[in-house]
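S.K.: Got a structure for you, questions after.
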Amino acid sequence: MSETLPADGLLGWSWLLIALPLAGAAVLLLGGRRTDRWGHLLGTATVAASFVLAVLCTIQLAGQDGRPADVDLFTFISTGELDVRAGLLFDPLSAIFALLITGVGSLIHVYSIGYMAHDPARRRFFAYLNLFVAAMLLLVLGNSFVALYVGWEGVGLASYLLIAFWYTRPAAATAAKKAFIMNRVGDVGLALAIFVMFAQLGTTSYAGVFGAVGTLAGGTITALGLLLLLGACGKSGQFPLQAWLPDAMEGPTPVSALIHAATMVTAGVYLIARSAPIYDLTETARTVVLAIGALTLLIGAIAGCAYDDIKKVLAYSTVSQIGYMFLAVGLGPAGYVAGLAHLLAHGFFKAGLFLGAGSVMHAMNDQVDMRRFGALAKKLPVTFVTFGLGYLALIGFPFLSGYFTKDAIIEAALDRDDVWGWVLGGVAVLGAGLTAFYMTRLMLMTFFGRARWEEGVHPHESPSVMTAPMVVLAIGSVGAGALLVSVFPLSGWLEPVFGEPEEAAHVVAPAIIGLVVTAVMLVGVLAAWLFVGRREVPVTAPVRVSPVTRAARNALYADAVNESLFMRPGQWLTRALVWVDNRGVDGAVNGLAAGLGGSSSRLGRAQTGFVRSYALGILGGAVLVAGALLAVTAG
Amino acid sequence: MSVVDLSRKGHLVSDLPFLLLMIAVPAVGAAVVAALPKGRDELAKQVSLGVSLVVLLLAVLATIAFDTGGDRFQLTSSWTWIADFGVSFALGVDGIALVMLLLVGVLVPVVIGASWNDELPERRSMTAYFAWLLLLESMMVGVFAATDVFLFYVFFEAMLVPMYFIIGSFGGPRRQYAAVKFFLYSLVGGLIMLAAVIGLYVVSNSQLGEGTFAFDALRQLEIDPGVQKLLFLGFFIAFAIKAPLVPFHTWLPDSGSEAPIGGAVLLVGILDKVGTFGFLRYCLPLFPDASRFFAPFVLVLAVVGILYAALLAMGQSDMKRLVSYTSISHFGFIALGIFAFTTEAATGAVLYMVNHGIATGLLFLVVGMLIARGGSRQIRDYGGVAAKAPLLAGTFLVAGLASLALPGTNSFVSEFLVLIGSFPEEPVFTILATAGIILAALYILLMYQRTMHGPARGVLLQEDPAEPAPATGGGATATLAAPRRSLRVLDLSRRELAVVTPLVVLIIALGVYPQPLLELIEPAVSATMSDLGGTD
């Protein structure tokens, strides 16, 4: 990392980035019904203001050649050897995240004004959404692992509140709890990593840890890498902690777009990229990151092929795409920029796709079953076009966002020039084919074919307050990739963080990779058309299907495994322990009392007799003591 | 250090005998309230609230007068009491005792406010209840402010009496059983400690030529390691029952669930902390060798307690029992922090005592408010309350999040300090304890989901609340008849809001800016560690 500058100018005010949405949340939560009328506007305004500030800060950062600014705020926890200061680090890496969070966040706030217009609890929704933006900004702007952890659990809370937003629905309440618990499993890893840092290096700040990590033993560095990875897997829905993310779709769709697609779930990628100085020193941990990324990429893509719920397909797509990002950052220096570019592009097109899905649901009385859609292209023209552009960007249609960023990851994998490189590259290419399949299936089932609507549904295009953000995101989906890879290269912007990019010695020429990936993608599209597009889609899912389809519909049995490995044994253990504590431990003590002085039932009977008089005796003694004391003092 | 400057302002204020006043004012208040004629309930409440607010003011003034850079024990005063045995009525506070006094000062008025409209069992008078509460406050101040071991012992035992009557006379249906159990457990511990206190006197007599109970003299003693072990155990068992540590814990779920809510808050919030306070004040400095010898054993109990009690909490159907078990789990963290023998962990443990009192106090209060509305302690009798009572649900959530130590709440800071401070010395125990944060999320969110989320159902939300709900489970409804009419308005009343607001504010404020408390606590913890011959 390059030398840090004390923050001056606007950067000294960068804490306002967090404070503004936080203040918005506080006003909306404490203000009560009085703020119902304008609460959503305040919520949107504070995030938009943060976005403007983030842009200005980034401009200033660019003016000082990307040298990071450190904003020291106050002493958070200082005792003994531990000294945790609350402070922010505004560097090129946190800047791109701040822009993504506030930019996409603003658009989704605007969209929500329309989407939640008829919800009686709209004010509460905006309060939670503001809370999320504040926590997420703290996560990426904090200058220490403790600050990151505070934001990390803060976004977990916001996610919990928003998944459970319609909490009267048991499914929503359960999904929220599941998300929080599985995230906490990951948080344990992150917490332990912080403990190791303090134990070994005596500090938790980025500057302190990254400056000294090279002095640690190799095993310790690997342990750090793996513990951080556990945290990253929880937050980003990566194997083996992926099962919560699809359930999180119980939340309102703008939440799925912002939190469970564009920003929060990519925090794991941020964590690994931020911790690059640690991962650069541990090949082992990097290999595990790669393996998890590749595995999750496939799990998500396979499950995505089988679901009929439009939001769940998109959710598994997110799981899969974040797998790509993990794969990229797991490659080390060659992959950080590629992974982050894909993260940003994904932020645009996946948020756009979710907003489009929300628009479809809005038109279809909150239906999510794609078997009940069909023929919506003409009814929802704006949604169709914007969604379609996001779709093309995601499957990697030539010269749209995904084409550039996904190919960059595949190139970086192949550039390893070893067996692993070919395996990973192969998995990534295969994933591209699957992505094309499930997304084309989704497009065909939703927008084409025969209308399979339920009775009484009259689809209508969404109001412009909703379509405008979709249009902006669609433009981003089209252009972001080219912009980040060639016009305004992300690798140059991030140079102060990750160092000068090495001139890659390409094993396979990029042009050839592009052709191969495009060909595989077209095969996926064609397959989807063969299986879905040219046949009639039945309104109920066929029951007699191959074991492969059944496994995919069950997301490769992740929930079943979790239930039989953890949930049921846990419940069983809890019941057994309750029994033991009531009969065993308590009984033993009562029994001991019985052995010493009579039957244990006498314990109950003693109430009237001697205990009470004993208690009064003690009280009498205490009064005497007090009296004696007074006498002494007076005398 | 900011505290220092203020203390220089007025000598008049700083010369007040704060500690004596904090013991005497509530004791006198208790006598006054008890002497009020029956039927003057309103007056009794007002007097009690006023008295407890005076104590809070005294605690705040004492904190202002306290110099964090000064002597270990400040605001000291001492009167000879039993000259023949070297017993003095000696008072004084270090930073640890001071923050506990602040906690007492905050929680008692809150509890009095929360008990304002309590439905007491038949033939029990409100005046008596408030008199006992004030007497308890006096004893609690004494136990933290005593710097003479014998005086500490007297307060330690005397404290039982008001609590015994609070549980036994004003509690739930099985209050008699719970009160007797509480009393016997505590009594056994107390007697064992008495033996150790006397033993300590004997040792001081032989080493110093004249016996003493003064803490500052006793910690200079060089006690034979074998004797240390015995004396350590005497104190330790009493404190472990009080804290309580597994396997000495089974009295707490009974007491916590049968005590009236105000009593439960003070029991779990403060009384139990006397145990962990005792570990730090007496076990570690007086018996350093024995503390080191027994530390692995205590750490095992602490970590087993964290996980075991958390699992038990998940299995409870009674909300008050559930909260009691969560407390046992939290006390495991405090014990871990104390017996890891590092400044960071022990400072965290002291902060944990304060934060737990605030967070679990609030959780108990909210649960109590819910029970007062529904007449049942069973989780299954509630559902979907959030839709009808958003303020109650929000407060419940804040208390729950503090209990699971979410960053931004006070408990995060203390739990984080305990764990990060313990890790360098005791990595294995710390890793196991850290896994406990998953269980904490489970027991809190399970309870929250079952009572607050889902479709509206249960005793609270039937069409006509005038119809008493059928009694369900545990006989908990026996003494609480139909929900009172005033509570038909489901959400928090203004009085209830006034009660919970200070705690919510403290949870957030101490979660964001804990440093002032840490600066109070750390010097005393460092002194304790050096008594221990700290290797830090």
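Along the chain as shown, the residues are counted starting at 1.
Any Cβ shown, glycine's included, is placed from N, Cα and C.
The following feature annotations were taken from TrEMBL:
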DOMAIN    A:76-126  domain 'NADH-Ubiquinone oxidoreductase (complex I) chain 5 N-terminal'
DOMAIN    A:143-428  domain 'NADH:quinone oxidoreductase/Mrp antiporter transmembrane'
TRANSMEM  A:12-30  transmembrane segment
TRANSMEM  A:42-63  transmembrane segment
TRANSMEM  A:125-142  transmembrane segment
TRANSMEM  A:148-167  transmembrane segment
TRANSMEM  A:188-207  transmembrane segment
TRANSMEM  A:255-273  transmembrane segment
TRANSMEM  A:285-306  transmembrane segment
TRANSMEM  A:313-334  transmembrane segment
TRANSMEM  A:382-400  transmembrane segment
TRANSMEM  A:465-488  transmembrane segment
TRANSMEM  A:508-532  transmembrane segment
TRANSMEM  A:614-634  transmembrane segment
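Map these features onto the structure and tell me what's around them.
M.R.: Broken down with DSSP, the domain 'NADH-Ubiquinone oxidoreductase (complex I) chain 5 N-terminal' (A:76-126) shows 29 helix, 13 strand, 9 coil.
Remote same-chain residues near the transmembrane segment (A:125-142) are listed as 14, 17-22, 24-25, 28-29, 39-40, 42-44, 46-47, 50, 87-90, 94, 97-98, 101-102, 105, 108-109, 112, 116, 119, 148, 150-152, 154-155, 157-159, 161-162, 165, 252, 254-255, 258-259, 263-264, 267, 270 (criterion: CB distance under 8 Å, separation of at least six residues from the stretch ends).
Within the chain, the transmembrane segment (A:188-207) has long-range Cβ neighbours (under 8 A, six or more residues past its boundaries) at 1, 4, 70, 81-85, 87, 89, 143-146, 149, 152, 213, 215-216, 220, 223-224, 226-231, 233-234, 271, 274.
For the transmembrane segment (A:285-306), the residues of the chain that approach it from at least six positions outside its boundaries are 221-222, 224-226, 229, 233, 237-239, 242, 246, 272, 278-279, 313, 316-332, 420, 423-424, 427-428, 430-431, 434-435, 437-438, 441, 549, 552-553, 555-556, 558, judged by C-beta separation under 8 angstroms.
Beyond the ends of the transmembrane segment (A:508-532), by six or more residues, the same chain brings 395-398, 403, 406-407, 410-411, 414, 429-430, 432-438, 440-441, 444-445 to within a C-beta distance below 8 angstroms of the stretch.
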S.K.: May I ask for the residues of the chain that lie six or more residues beyond the transmembrane segment (A:313-334) and have a Cβ under 8 Å from a Cβ within it?
M.R.: 232, 236-238, 242, 245-246, 248-249, 256, 260-261, 265-266, 268-269, 272-273, 276, 279-280, 286-301, 303-304, 307, 340, 342-343, 346, 350, 353-354, 357, 370, 394, 406, 408-409, 412-413, 415-416, 424, 427-428, 431, 434-435, 438-439, 441-442, 498-499, 501-502, 504, 555
S.K.: Do any residues of this chain, six or more beyond the ends of the transmembrane segment (A:255-273), have a C-beta under 8 angstroms from a C-beta of it, and if so which?
M.R.: 93, 97, 100-101, 104-105, 108, 111, 129, 132, 136, 139-140, 148, 152, 155, 158-159, 162-163, 165, 190, 228-229, 231-238, 245, 248-249, 279, 289, 311, 314-315, 318, 322, 325-326, 329-330, 336, 339-340, 343, 346-348, 350-351, 353-355, 357-358, 498
